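Chemist: The following block contains the structure, expressed as C-alpha cells.
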Amino acid sequence: MTKKILLLGSGELGKEFVIAAKRKGQYVIACDSYAGAPAMQVADEFEVFSMLDGDALDAVVAKHKPDIIVPEIEAIRTERLYHLEQEGIQVVPSARAVNFTMNRKAIRDLAAKELGLKTAKYFYAKSLEELQEAAKEIGFPCVVKPLMSSSGKGQSLVKSADELEQAWHYGCEGSRGDIKELIIEEFIQFDSEITLLTVTQKNGPTLFCPPIGHVQKGGDYRESFQPAHIDPEHLKEAQRMADKVTAALTGAGIWGVEFFLSHENGVYFSELSPRPHDTGMVTLAGTQNLNEFELHLRAVLGLPIPEITQERIGASAVILSPIASKEAPRYRGEEEVCKETNTYLRIFGKPYTKLNRRMGVVVCYAPNGSDLDALRDKCKAAAAKVEVY
C-alpha cells in the first residue's frame, strides 16, 4: 500500500532513503531549508522552509496530509512532532525518540542515569564560568560540545584551561536551535569507535548489523569500514546497550548507535541517531544483504526483515569541498575512480559548496576474508582523486 511520506531534511542520507522508498512505490515530499537539496532531486514533491519554524512545519503538514513523517536532520522544531503524532501521523521512529536524541542532555541523562549505561563522565555548562568549573572536575584533555548540533559542529578537544574560552564561543556558534548550553565530557582513551546499526520493528525482534568501524576528524565522519573486528564480548555488550536504549526511546526504524571501545575499560555508550547514519553509507557497497536505507524503509512500513547477513567487506571515504562558493560545484577525477574495480562513486548533488562540506563518497568492496586495511587504503586513495572546484 502506498503511503505519503514527509521527509524532514533532504541531504545525502535522505536521498538514498527516497530512492529506497520509490523502489517500494511510496510517495515522498522532501523538505529542507534550501532549494535543490539532494533528496528533492528524486522525490515526488518538495518544500523549502525552515523546519525550526513550528508554524511553517504545521502548515506543510496540513497541506500534504502525510501518513508518515521521517526526520532526517536535527534542525527541526521537534516538540511539534508530539501533537502531530497524537493526531495519528506516524513519526519515525517516534516523537519521543526524535526529541530525546536531538538534545545531548536528554539522551545522555537517559542513558547514564535512567538506564545505567557506561558513559564518559560529563557536566553541563550554561556559561563560560560553569564550563571552567566543570573542567576542573573532569580534567584535561576534555571534549566540549553543544547540546544540539550535528556533524561535529561546535565540538572541541580542549587540552588546557587556556583553550576553554575559545571552546565556549565555538560551541555556542555551532549550536542548533535556541539553547546555548554545552556538555563537557572526559576524553575517553579508546582503542576504536564503532557504529552499531540497530533496527527496531513494529512486529519483530530488534536486529543488529555487523559493526561498522569509523574514523572521525573534528567530530565528523571521514571514513568507515565493515565489519569492524572487535572483541566478541564487546560486541555483545554494545548490542545489549543498543537494545536497551532504543527500547526506552520506542518506535520502529534504524538507529546509528555509537560506542567507544577500550581494551582496558570495555564499552562506552557515546550517542545515537534515530535514522540512517553517515558511517552506514558503507552498506551501499553491498556489504549486507539489505543496506541501511532499505532496512529503515522496511521498518518504517512494517515490512518483514529477514536475517541481516554480511555479504562482503566494505569501506567508504568521503569527498570534501576545499572551497566555499554559491556557484554550482564542478568535479575532476571521476574517470580515474571509475577505472577502479569493485568501486562506486556517489556524488550527492549538493547545489553549492561550503568549506569541508561533504560532497560525495567512494565505497569499495571485496570478498569476505579479504584484507580490510588494504581495502580502506584503496578507498581513501580513490576518494582523493576526486577534486571539487
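Cβ from N, Cα, C; glycine included.
The N(1)-(5-phospho-beta-D-ribosyl)glycinamide binding site feature in Swiss-Prot is assigned to E12, L13, E72, D278, K350, R357, R358; the stated evidence is sequence analysis. What Swiss-Prot lists as ATP binding site is R104, K145, S150, S151, G152, K153, G154, Q155, E185, E186, F187, I188, E193, and the listing cites sequence analysis. Look at Swiss-Prot and you will find 109-301 tagged as domain 'ATP-grasp', backed by sequence analysis. Among the features that Swiss-Prot reports, Mg(2+) binding site is placed at E258, E271.
Each of these features: where is it, how hidden is it, and who are its neighbours?
Modeler: DSSP assigns E72 (N(1)-(5-phospho-beta-D-ribosyl)glycinamide binding site) to coil in the three-state reduction, outside any helix or strand. Using a 10 Å Cβ-Cβ cutoff, E72 (N(1)-(5-phospho-beta-D-ribosyl)glycinamide binding site) registers 26 neighbours.
E193 (ATP binding site): 19 other CB atoms within 10 A of its CB, across all protein chains.
Sequence-distant neighbours of E258 (Mg(2+) binding site): residues of the same chain at least 6 apart with a C-beta under 8 Å from its C-beta are E193, I194, T195, L196, F269, S270, E271, L272.
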Chemist: Measuring Cα to Cα, how far is F187 (ATP binding site) from L13 (N(1)-(5-phospho-beta-D-ribosyl)glycinamide binding site) in Å?
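Modeler: Here the two Cα atoms lie 29 Å apart.
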Chemist: Of all the binding-site residues given, namely R104, G154, E185, which is spatially nearest to K350 (N(1)-(5-phospho-beta-D-ribosyl)glycinamide binding site) at the Cα level?
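Modeler: It is G154, whose Cα lies nearest.
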Chemist: Using DSSP reduced to three states, classify F187 (ATP binding site) as helix, strand or coil.
Modeler: coil
Chemist: Rounded to the nearest angstrom, how far is the Cα of G154 (ATP binding site) from the Cα of L13 (N(1)-(5-phospho-beta-D-ribosyl)glycinamide binding site)?
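Modeler: On Cα coordinates alone, these residues lie 22 Å apart.
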Chemist: Roughly how many Å lie between the Cα atoms of R357 (N(1)-(5-phospho-beta-D-ribosyl)glycinamide binding site) and G154 (ATP binding site), rounded to a whole value?
Modeler: 15
